[in-house]
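Lifted from TrEMBL, the feature list:
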type	residues	note
TRANSMEM	12-33	transmembrane segment
TRANSMEM	82-102	transmembrane segment
TRANSMEM	108-124	transmembrane segment
TRANSMEM	131-151	transmembrane segment
TRANSMEM	157-174	transmembrane segment
TRANSMEM	181-198	transmembrane segment
TRANSMEM	204-220	transmembrane segment
TRANSMEM	227-249	transmembrane segment
TRANSMEM	314-331	transmembrane segment
TRANSMEM	343-364	transmembrane segment
TRANSMEM	376-394	transmembrane segment
TRANSMEM	555-576	transmembrane segment
Amino acid sequence: MSNHHNKHLLIQLIKLPVFWICTLALVILGTLLTKQEFWSGYDTYFHMNSIYEDAMQIKTGHFSYFISLFGFEKSGRIVNSLYGPIFNYLLGALLLLCGSWIRFEFVTYFITLVTCGFGMYSCARELKMAKVTSIIVALFYMVSGPVMTLWIRNFEFTGFGATVLLPFVLLVGIRMLKARQIKVIPLAVMMAICLQIHLMTSMIAALALIPFFICSLVLADNRIKLIMHAIAAAILAICLSGNIFGAIYDVYSTNHVIPTFPNFNLQLPVANKIVFFQGHSLTGLGTFYTWLLVIVIIAMFLRYRSITTVDWCLLLDDVLFLWLSSIYFPWQAMLKICPELALIIQFPVRFIAIVFIITLLLMGRIGLTIASKPRRIVNVLLAIGLLIMLHPALQITHQESMNWQSANAIQYWVHPSPNGGFSKDFHQGAKIRQAFRSPDLGQAVNVVHKITTDYMPTPNKVNLKTYYHNPFNQDYIKIFKNQSKFRKTTQKHSLLMSWQSPKAQRMQVPLVKYGHTQVQLNHQEINPKRTLIGTMMVKARPGMNRMQIGYQPGLLFKSLSLITILSWLLLIILGIHKKIRYFIRP
């Protein structure tokens, strides 16, 4: 009787989507867990500094929303307030709970894989797919290119947006079109979350929703109401993200800021890796997804009578984003009109995440129109396709595992490029591995010193065309590679630095000053001159020198941040009130 009961429970468990989604996540991350590995990519060390910064602020109670007190060489540079501030604080808290970078990476990747799987599953169920088909579609996305390369391998916040957020964004769009109306709060909250995490993701999300909005507008009975709800959602999203816009204004209105590196060759393969009919590409479509997209399009036109408006809208979105992410979109012509696109877009291949999501959803929808009621043949074919695409995904994890176990451990990611770094422990793999496993979180951060100069202040406006002629990275290495004679500590919400000077001299110190940075040298307020990367030139006295910097943002940032806090509190109160009314209603 007991065995029969256990067997019944096992069968019920296997039927649950959570079982398959969690199982695949564990398969992908198996070596991370069993071999205590850490996988790193181009953006890993940049984001490690951001996360470590907020983790230490939480741990010590020394908070600074703008300047870096612990990460980024304790330089006082601004990063987090411009790049997912709230998200970084959440990740910082998670890092403290995990206790080491090894555990943190596994937990973070597991949560994101499971969340993205449920996002795709929810979209599939919203499109009336069977439970088994919905599970297979979700598993397909978990091993797709955007998830495996942008997030698992490179730790890009664009990848996090593609992995976790975009399926839920499309879910909002699908519900919008099905109901022919906009639910203000869900749309506003979804866009606000995107803005709080990554601006590029929020732009992709907004573009992805445009076809749904246009189709809804055409089909709606009350178009004025739909437009008013869209405006209300936009206003609410801005209110929920006021801290983001306030920080951007506060920094950019008072400084010339070094931008992210511009890419002026948006139509070249280096920027656009959309690969058609070529191998099992995880950076482009590759053979499998190219054929899948072709089959989906042909099948939709052959069976157009059974295809819904939502399906056609999804196909329109799919083709639009495929065009945007390919070399066939006139990006070079667009650059002539708006050179800033070289900074904003950088790599149009980022748009391909939407293509993967929608192609997989349409694959499931076509299966609905073709198969008979049991749909077993379609599900078997989909499962075979999933196994085929699991192979290149596991190849990536195997390569990352080999990198970690090599003599250098981080060999592929340390080089003096615009997005590189330097490390004194480059050939000491055992020491590097120990640093990432250590409960001392600062050890791993100090293994690789990221030389990306994004958002650092500079005396003059940067000419994008001469960006690569400026010695930003060389200056960064020169000043921050050897700063052992400077002792840096934190006090309240400021950064303190002390050093011994053999004589009175004018010298460059490894602290960065912005327009609203307040500086004291030996207890006197000063306004020093700045170098090309914003570090300060000061007059040191003989003997001990003490310097203190803090940041005082403008009134607009404080006002917008207050609006953001009040907006979120109001939404939470309304949500709680709604739940209470639901449970106590007669």
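Using the three backbone atoms N, Cα and C, a Cβ is placed for every residue, glycine included.
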Beyond the flanks of the transmembrane segment (131-151) by at least 6 residues, Cβ under 8 Å: 15, 17, 20-21, 24-25, 28, 109, 112-113, 116-121, 124-125, 158-160, 162-163, 167, 281-286, 289, 350, 352-353, 356-357, 360-361, 363-364, 367-368, 375, 378-379, 382-383, 385-386, 389-390, 392-393, 396
For the transmembrane segment (314-331), what are the same-chain contacts with Cβ under 8 Å, counting residues 6+ beyond its ends? 174, 207-208, 211-212, 266-269, 271-272, 274, 293, 296-297, 300, 341, 345, 348-352, 354-355, 358-359, 361-362, 365
The transmembrane segment (157-174) in contact with the transmembrane segment (12-33), cutoff 8 A, at least 3 CB pairs, sep 6+: no
Taking contact to mean three or more C-beta pairs under 8 angstroms, with sequence separation of 6 or more, is the transmembrane segment (181-198) in contact with the transmembrane segment (343-364)? no
Interface present between the transmembrane segment (108-124) and the transmembrane segment (12-33) (three or more C-beta pairs under 8 A): yes
Within this structure, do the transmembrane segment (227-249) and the transmembrane segment (82-102) have 3 or more Cβ pairs under 8 angstroms, counting pairs 6 or more apart in sequence? yes
